């Protein structure tokens, strides 16, 4: 499966080339494919905040490279560069509040910094750590793709209709994807009849990104408005809802793109299985439950305007980016460490005590 997935890879969103972070501007897809070069921590933080790059794993990877860029600038200026670098850590940490992968990656970069020995070359050490974070995410995605595909096949070996939300593919990760990685593997195994992709308002990650990724690989995909999901579950023989995650708490609650919670409620009502696919870096064992997760809200103009023109009356807008799905609505959480079925605090703790499978 690994070799087949590698051979099928066609999309990527992050490149580290000659000391520059190159990001595919996802705001312009699918009409334009524009790569932007980033040479400083401040530029990377702005790219994360402005959603040039999005998806929890991709944000974390980008932030790690941002620290490398920050260190390069601080070292060039001389003086107490380590203390000065803390400003870059703070700047990147403040770029998006909900995706825990961001903080995980920054903490890993800080820990590597603290472990440096006399004679180490700081920039080379930090660059190697950022590349390791990037590479390990790709490996995690390959492992999760296999595990998730096996869950699908275990339930039903014939081609199935699957519903997904937002974008969880190569564009959102270091490669292949989380939920879309599972879907890719299932397609290669002949387990996919059709993918139904929610358009995912207001940024339309489903219609702009997910549909684009799947169509590029020849995977049958139909786009639907978000509010059609329950109707699809009732009428189109959906067997799985498969989504990613931006943060998973110690009890198995999941924060993900707004609209995920209602998908889980509808899935339970219709007897549709619900799978969450995310690397273990998304799991925050310091938070007891989803009640503790900070939920980002974005500018209401994202709802009130189209193309910069106001289309709604002079009203306020409520624009949360994420919601929290309780663990008791989730059939399985798939990570590179293994699978947790019917997640709860005890099972999540057992998962996190395991070694990685890749």
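Yeah, the Cβs are placed from backbone N, Cα and C, and that goes for glycine too.
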Practice task
Report the candidate from 146, 155, 205 that shares the substrate site with 54, 55, 56, 96, 256, 257, as recorded in Swiss-Prot.
Solution key: 205
Handout entry: binding-site residues compared (54, 96, 257) - the one with the fewest other Cβ atoms within 10 Å
Key = 96
Completion exercise
Ordered by sequence, the long-range same-chain Cβ contacts of residue 55 (substrate binding site) under 8 Å (at least 6 apart) are 167, 168, 171, 172, 173, 244
Handout entry: Cα-Cα distance, maximum over 54, 55, 56, 96, 205, 256, 257, record's substrate binders, Å
Key = 17
